[in-house]
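Here's the structure, in structure tokens; my notes come after.
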Amino acid sequence: MSESLAEVVLSLDEVHALALRVLTHNGMSAAHAQAIANVITQGQRDECHSHGVYRLLVCVRSLKKGKVDPQAVPTLRRLSSSIVAVDAHRGFSLLSFETGLPVLVEMAKQHGIAAMAINHCYHFSALWPEVEAIAAEGLVGIAMNPSHSWVAPEGGREPVFGTNPIAFAWPRPDGVPFVFDFATSAIARGDIELHAKQGKAIPPHWAIDADGQPTTDPKAALQGAMRTFGGHKGSALAAMVELLGGALIGDMTSRESMAFDEGVGATPCHGELVIAFDPKVFLGDELDAGLARGERMFASITGQGARLPSQRRFDARARSIAHGVRIPKALYDEILTLLD
């Protein structure tokens with residue numbers, strides 16, 4: 001570790017160790033702490049600051065609110081030959097994902113397509129680590145979930161939707177997968193929280209205030225409603241996530257999750273839907289040809305100077321592996337108070 005007046009530089013091992021210390025010190029089981037520390041380290045490594053070590057503050061706050069069970073043991077049920085459900089029992093979601101992933105992969109490789117529902121989980125993390133884990137098995141992955149009702153539908157002013165992210169990963173023959181992970185809101189909730197914490201203005205298309213007017217004040221945005229991206233198109237996708245990641249799998253919508261919170265301010269509790277496809281089953285002897293089609297499309301994008309989604313993350317990943325990560329000292333000091 002090195003330190004300046006403004007920043008602290010940590011290796012990835014030091015980030016992981018810090019996360020483990022904070023989580024176990026605050027009552028998290030070793031299994032949950034390991035699963036969460038892995039993903040927080042990945043977020044910080046890829047310079048996804050709203051999903052890196054900042055999330056330790058969110059995790060501990062939720063634990064202290066008494067909603068999350070830090071010792072919950074996920075249970076798994078096979079609903080059919082290609083559908084698995086994992087009950088998180090009001091624990092954080094990441095251990096449930098790790099519990100169900102091997103079964104999801106097995107089912108997808110047997111049938112060509114499989115789905116996993118994660119129920120009754122508290123969820124704070126990005127989805128790209130999950131779909132990247134699916135792509136690492138040679139599979140195509142999709143994941144989505146509702147959250148708390150922070151987002152107004154296009155043309156409305158009252159929150160109905162969550163930030164409702166959708167993530168997708170496509171395995172590539174060489175190198176990193178093609179990945180995207182984006183909220184159907186104009187921006188992730190955590191980014192507005194970070195702007196408020198740092199006293200920075202936000203773009204007016206991110207949110208509206210309590211009177212329904214566009215705002216550049218992040219604190220007013222947090223008291224008002226976030227906006228969807230892409231107008232009515234973003235609203236439609238957000239509704240789809242509510243249906244697939246909530247109603248379809250027997251779990252709460254974002255409005256129900258907000259009501260369940262009872263004003264405590266914990267991490268959202270809801271469900272998550274994960275789908276995996278096996279290109280080998282779909283394509284058979286044409287597998288290489290199918291993947292080659294994808295590669296030609298990617299080349300047609302990058303060949304004209306455009307970037308593929310997540311390229312910034314992958315560039316950051318290489319930097320962090322080589323040089324460590326930089327964390328604002330004020331944030332680092334705040335995280336250390338969680339060890340008091």
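Note that Cβ sites are derived from N, Cα and C of the backbone, with glycine treated the same way.
Computed from a predicted structure; not experimentally measured.
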Practice prompt. Would you identify which residue of Thr163, Thr215, Thr216 Swiss-Prot lists as part of the substrate site it also attributes to Arg55, Arg189, Gly190?
Written response: Thr163
Fill in: Shortest C-alpha distance to Arg189 (substrate binding site) - which of the recorded positions Ser50, His123, Phe182, Pro309, Arg312
Ser50
Worksheet entry | Lowest local Cβ density (other Cβ within 10 Å) among recorded positions: Ser50, Thr163 | Ser50
Discussion item. Take the mean position of the Cβ atoms of Arg55, Thr163, Arg189, Gly190, the recorded substrate site. Which other residues of that chain put their Cβ within 8 Å of it?
Written reply: Ser50, His51, Val58, Phe124, Ala188, Asp191, Glu193
Response to the item:
Listed in sequence order, the recorded positions within 10 angstroms (C-alpha to C-alpha) of Thr163 (substrate binding site) out of His51, His123, Ala126, Phe182, Pro309, Arg312 are Phe182
Fill in: Neighbour tally for Asp191 (active site, charge relay system), based on other Cβ positions within 10 Å of its Cβ
20
